[in-house]
């Protein structure tokens, strides 16, 4: 019997998860299918119980359901710290995970950049920043967070423990002591062509990762190129967070190259 997987959210029409996961199932000749369903916050508990009752293999969650889901699932320790769920597995109850930070970590490691003991500066203090900050702290990075509202950055840093929070003006002094710069804000998304950091503030040993993947080469990454730094695009974070969910659900090694090719073709990159 065909196993069903899905992503839930509102809005959901934009999601690339169905085409990415269906390409993976097809590549491994698995009798599975992946769909997208619009689910509002107030309906999430019923949706989770319904999916479990109908024998779904697993779910992904996107905006605005990630935080709400904590009330209804058995979250693993990392997801509980992050305070958000993006992956649900039904093999043993309703288990919740967060693979966003893992997606970012694998993307950067793919570029040959080791995270342990590195000084990381994360721009933003929202959901993606939380996932990346906690995951990188667990991996042994020295985490720094800069946010438009410094209090939010300091609050997140305090939750992590061994981290520091600042206002965005921290970048004005230059990034000589930073090894990895990560943008988790929406600055640079779409046609905005904005950046929070310029080439003059960077150095050539810096790795610059932007989780925005549309456009692929954001203004921030263009500035990184100008500075002779290493630009890392956000597209593989999307692929790797999905690949980790695939691994959790199926126990199989996901076909990363197939998933990447499908996403890039869909985005016409």
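Glycine too: its Cβ is placed from the backbone N, Cα and C atoms.
Noted in Swiss-Prot for the protein shown:
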BINDING   15, 16, 17, 62, 86, 100, 213  shikimate binding site
ACT_SITE  66  active site, proton acceptor
BINDING   124, 125, 126, 127, 128, 147, 148, 149, 150, 151, 152, 211, 234  NADP(+) binding site
Surrounding CB atoms that lie within 10 Å of the CB of residue 126 (NADP(+) binding site), all protein chains: 14
Using Cα positions only, nearest of the recorded positions to residue 128 (NADP(+) binding site) (15, 17, 66): 66
Count of other CB atoms lying within 10 Å of the CB belonging to residue 17 (shikimate binding site): 22
Cβ packing number for residue 100 (shikimate binding site), 10 Å threshold: 29
Spatial neighbour of residue 124 (NADP(+) binding site) that is closest, considering only the recorded positions 16, 17, 66 and their CA atoms: 66
Distant-in-sequence Cβ neighbours of residue 15 (shikimate binding site), under 8 Å, six or more positions away: 7, 9, 36, 62
Proximal residue to residue 16 (shikimate binding site) among recorded positions 66, 126, 148, 150, 234 (C-alpha distance): 234
Largest inter-residue Cα distance among 124, 125, 126, 127, 128, 147, 148, 149, 150, 151, 152, 211, 234 [record-listed NADP(+) binders, Å]: 27
Three-class DSSP secondary structure - residue 17 (shikimate binding site): helix
